[in-house]
Amino acid sequence: MARTTPIARYRNIGISAHIDAGKTTTTERILFYTGVNHKIGEVHDGAATMDWMEQEQERGITITSAATTAFWSGMAKQYEPHRINIIDTPGHVDFTIEVERSMRVLDGAVMVYCAVGGVQPQSETVWRQANKYKVPRIAFVNKMDRMGANFLKVVGQIKTRLGANPVPLQLAIGAEEGFTGVVDLVKMKAINWNDADQGVTFEYEDIPADMQDLADEWHQNLIESAAEASEELMEKYLGGEELTEEEIKKALRQRVLNNEIILVTCGSAFKNKGVQAMLDAVIDYLPSPVDVPAINGILDDGKDTPAERHASDEEPFSALAFKIATDPFVGNLTFFRVYSGVVNSGDTILNSVKSARERFGRIVQMHANKREEIKEVRAGDIAAAIGLKDVTTGDTLCNPDHPIILERMEFPEPVISIAVEPKTKADQEKMGLALGRLAKEDPSFRVWTDEESNQTIIAGMGELHLDIIVDRMKREFNVEANVGKPQVAYREAIRSKVTDIEGKHAKQSGGRGQYGHVVIDMYPLEPGSNPKGYEFINDIKGGVIPGEYIPAVDKGIQEQLKSGPLAGYPVVDIGIRLHFGSYHDVDSSELAFKLAASIAFKEGFKKAKPVLLEPIMKVEVETPEENTGDVIGDLSRRRGMLRGQESEVTGVKIHAEVPLSEMFGYATQLRSLTKGRASYTMEFLKYDDAPNNVAQAVIEARGK
């Protein structure tokens, strides 16, 4: 089968935003205008196409990033058909992992902001993730029809809060109820969409006389930004020559692809205005798979040779699995992005991360929760495979004759855990199966059995995250569970270096004995300096410990890290240097050295000024002005550190850092303090030393 759409006409984009910026409605309109959807789905009545899990429809928030394929030939049918693969990403902080996953496989992104609320805390998180993966982006300022809408204020916030370089591509004509259309600053024309056909058709008109001066000023700003793309254009501009529309677009595109500017569009998805022009901007300014750098990887050749794969059908097949979803009808769906080559249904592929071969059964292209079966996928495609057995998020799928491991994704550690137990004996077995499936889908969700209490513990990124997991167990797997009180994921660390700590395990009891002897130094690592939070240096000279026992020493210490000496929490940011020891020709064994290492570790840890670390959350509260004092007082009582406040149209925004352990039940308290008028967001910021009294209470409660 030949390629139907040239790869240069592909756009793999994410639509990303703060909760309530109207992202799902925006995606719905995209699907409507691209001719996929014939009746517009509204989020308000739970009918939106992209929100396909029941919990999403009930809660009106997007949880799973569904991937959808659509085609667009331009608002005025001015292009050849372009294939747009859209990944819808959630806007709630507890689902940041979903955003991280989708950013990894996107080529470009549309950031949706609310014209009233502007740049919110979650917008900043998403922005950092887009920066990390160097994703070129444009912005769409939505809800221009709402009370308090102010386009240029949001443009200012993109500059000040995100440190970006926003360049408006349009201006809003009117605002709130008077919002009627936009000024196209490239063409210098007003665009008015036709309400009668839900904005499918439009007219170019003259710019309203009272906006001409403002439009001229921002047109000039746009031209200057374009001219900065090259010396040649700058000379032309400074020489007083007009830049052509084609030159302007080409120059702006180049600057967006280089992540130098963010083009800003606006509209009201709900009122069917602006989304159409934003789609044109996706085609004009966001990259195709051939415009972004080749993906890096390492060859599976035992030497970890660096390699790259270009977006071409001619190169060997390589793809990244970025999401696993359980579908009630077909079982496991593995969403993957093809970076190079071609694969057909029925082909055998290699999961190079697990060194396992899999057979591609059926391949489907998703449109929200409808699916279309296809025979092959090519470089640049995003699709889902049915029936892959052992694939986890972040695995590489590739041609078995040309194995490569693409860059792995990094997933955050959970910060909150709860105990769950099945309500009945019948639920017991089903619960294990359900939790296993859900953990496979979501790498930021963990499940384990607590060795002391024998309880099943689930851990995730926040209370809402775990609520939804428990909810899904009930709905999708019919498992009823009792849920315990949330527990904080503390950590343990050391604050000083200790040297020459000895650990000796020697047993002589008739026949062969056991003998292992190690001497180690232990030192703190700078938080975040080592992704594993642990380093092991083998500094043994002259074979005082034979090489075959060194891994056992490392393993013995790593086992101790899982449950620290203070209160049984994981130990982080610690370095070990093994530099001396001794062995016995007959009595030494791996087990003996493992035990010697664990003895040395416990001994050293006690002397190295151990501390308990607690997760600190970044909290932002928006409250009416008259409640500011109460809200700040309450945050202080929760050991919160105030980091500033600012006035907003709707009241006051308070920034604080608060320990997670003090934030349980905060939503209820905030509601009663402000009669339900305040809202807050919270996301993990860092681990910090817990004060003595808090640490003591935690240690005593753990019975250590």
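Every residue gets a Cβ built from N, Cα and C, even glycine.
The domain 'tr-type G' annotation in Swiss-Prot covers 8-290.
For 17-24, 88-92, 142-145, the entry in Swiss-Prot reads GTP binding site, with the evidence type sequence analysis. Neighbour density for K23 (GTP binding site): within 10 A of its CB lie 29 other CB atoms from the protein chains shown. Secondary structure from DSSP puts K23 (GTP binding site) in a helix.
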By the 10 Å Cβ-neighbour count, the most surrounded of the binding-site residues A17, D20, T89, M144 is M144
Mapped onto three states, the DSSP assignment of A17 (GTP binding site) reads strand
DSSP, reduced to three states, assigns M144 (GTP binding site) to coil
